[in-house]
Amino acid sequence: ALLEMLDIHPNIVVAATEVHFFDWDENYVKGIDWYRNLMPFSYGNQITIEKTPGYFTSPQAPGRIHDMNSSIKLLLILRDPTERVISDYTQVYYNRVESHKPVQHFEDIVIKNGCLKHFSLDQIHIVDGNTLIKDPLPELQKVERFLNLPSRIMSSNFYFNQTKGFYCIRSDGRERCLHESKGRPHPLVNSTVLEQLYSYFREHNAK
């Protein structure tokens, strides 16, 4: 959702797909020129943003990103970790169903954590994922300031879609909502497992 919303800004251009350059060895060995060729054209006053969630959980991605550009800025979306785990499972579930692949039960999936260690805190901006869904404008204005961009994203760029239950985007005279994969109903998870997840993340959140 963040990438689609930032795409409103005239000084931001976004990559069309998740590139998986820094976390997939088979792509990384193709070299930095291969990666650059997948980026959109941009002017000197524009910032290019690429989104691949797998970078956050990949042990090798942070170092590779740092080797490419040690002054790069990172945007990290965080939300209630238990909700996020269930959301990720929902995405994987539908992807595997649509591909006619076997689906693991949520309770059987092992959750892995990752940590960025190669960048200073002033290079990392954390976006509150829960707030972004409920009230996107304040979070996007924080991103504008973090990236040292002029304020161009306005409240008029968003409207709440009652049917979908989340905000949609209005820009350049067009209205569009996020991909149908967003807002899918989450599976009912065993209450004992939920409590175990809350307990597990409670200690990590405190840190």
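Including glycine, each Cβ sits where the backbone N, Cα and C put it.
Annotations in TrEMBL come from automatic prediction, not curation.
Since this is a predicted model, take the numbers as computed values, not measurements.
According to TrEMBL, the feature 3'-phosphoadenylyl sulfate binding site maps to Arg79, Ser87, Tyr167, Lys182, Gly183, Arg184, Pro185, His186. Tyr167 (3'-phosphoadenylyl sulfate binding site) counts 21 other C-beta atoms within 10 Å of its own C-beta, drawing on all protein chains shown. Tyr167 (3'-phosphoadenylyl sulfate binding site) falls within a strand segment according to DSSP.
The disulfide bond annotation in TrEMBL covers Cys168-Cys177.
Feature annotation from TrEMBL assigns domain 'Sulfotransferase' to 2-203.
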Proximal but sequence-remote residues of the same chain as Arg79 (3'-phosphoadenylyl sulfate binding site) (Cβ under 8 Å, at least 6 apart): Asp128, Gly129, Asn130
Cys177 (disulfide bond): tally of other CB atoms within 10 A of its CB: 16
